[in-house]
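What follows is a single structure, written as structure tokens, with notes after it.
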């Protein structure tokens with residue numbers, strides 16, 4: 001796949017080869033990461049990267065777009081079929097740009113948005129002051145309850161009545177329970193607000209029917225196309241037909257110029273894969289693995305935020321272990337286990353330190369792991385965190401992890 005690159009730019013080739021080695025030999029537990037198929041990568045690396053195609057299928061500002069029109073139309077129709085949506089825009093370059101386009105399709109700068117608090121599981125684009133969302137809009141944060149760390153819909157309803165938001169932004173980057181989209185629709189309707197649902201983390205699960213679908217309730221649904229969807233890095237917007245024109249205009253020319261046709265082709269491939277029966281089997285296993293990993297860690301004495309998980313992600317509270325998320329991430333990385341530090345609800349630590357570490361099962365499930373392997377992974381994690389300051393022990397565990405992964409081969413076609 002990389003023979004020409006090897007000949008023409010050895011520096012870049014070497015970096016790619018080293019990253020391939022890292023992906024093969026490290027235990028990938030970052031909840032937002034996954035391993036795409038070679039078909040997705042081939043589409044993304046195709047000659048479609050050469051084509052400019054400003055506009056939309058049948059309405060381009062450039063000639064010679066008849067074949068990229070075919071590709072984009074395929075992606076659109078497959079996305080609509082997967083999620084049961086009336087309209088799909090496959091052009092956003094990222095989830096963040098999809099969110100910006102969604103906001104500006106419905107509201108104006110200065111309007112009020114009700115979104116989930118970042119430290120309670122939300123996302124930067126749901127109102128963080130350093131993000132465009134926090135700079136352009138007046139943000140009212142939703143929270144989770146202290147007692148069970150699940151979304152406080154009663155408080156959200158009161159906040160909506162008090163602040164009269166124009167948009168309720170529902171979604172998360174670190175929330176392990178199932179959103180009540182119907183309840184959020186009712187809250188939005190009570191104050192005549194729009195409902196945007198960001199399902200970047202849950203899209204693959206939704207596509208397979210193992211997580212609730214917000215499309216029937218939301219005005220607009222946004223997502224990334226990687227993570228659980230296991231496609232290329234990019235964004236996707238789904239909406240009611242009545243919002244289609246505003247959404248399309250907000251993406252182009254509002255936020256972007258020419259679409260990345262090679263990425264859209266890869267999205268089409270990804271959506272095609274999501275329509276196959278084996279994709280549902282995969283997503284079902286992702287959830288089973290996350291639940292089992294949560295159970296095994298709890299048996300070892302770890303507290304899981306909200307008491308467990310209903311999806312692909314879980315967050316471990318390390319407070320009782322007198323360890324920060326930053327320290328845990330660093331120790332795990334030395335042992336060949338890739339994770340990310342994460343705040344927990346009502347965290348007393350700074351965002352770059354944190355009291356938690358976030359774990360996810362999409363990537364390990366892609367490698368073929370099932371419940372039995374989750375017990376081994378929990379044991380690895382426990383061994384690392386109990387020996388975080390022992391460099392020799394961490395090196396020993398790293399070798400054990402590499403040997404463990406030898407049974408779950410990755411990208412053998414690239415040898």
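Residue positions begin at 1 at the first shown residue.
Quick reminder: no glycine exception, Cβ is built from N, Cα and C everywhere.
According to Swiss-Prot, the protein carries these features:
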BINDING   118, 122, 123, 124  (6S)-5,6,7,8-tetrahydrofolate binding site
SITE      226  site 'Plays an important role in substrate specificity'
MOD_RES   227  N6-(pyridoxal phosphate)lysine
Handout entry: Close in space, distant in sequence - residue 124 ((6S)-5,6,7,8-tetrahydrofolate binding site), Cβ under 8 Å, 6 or more apart
Key = 96, 118, 130, 131, 133
Fill in the blank from the handout: Near (6S)-5,6,7,8-tetrahydrofolate: residues not in 118, 122, 123, 124 with Cβ within 8 Å of the site Cβ centroid are 115, 116, 117, 125, 126, 127, 128, 131, 172, 173
Handout entry: Rounded Cα separation (Å) that holds between residue 226 (site 'Plays an important role in substrate specificity') and residue 123 ((6S)-5,6,7,8-tetrahydrofolate binding site)
Key = 16
Completion exercise
Integer Å value for the Cα distance linking residue 123 ((6S)-5,6,7,8-tetrahydrofolate binding site) with residue 227 (N6-(pyridoxal phosphate)lysine) is 15
Fill in the blank from the handout: The rounded CA-CA distance in Å from residue 122 ((6S)-5,6,7,8-tetrahydrofolate binding site) to residue 227 (N6-(pyridoxal phosphate)lysine) is 16
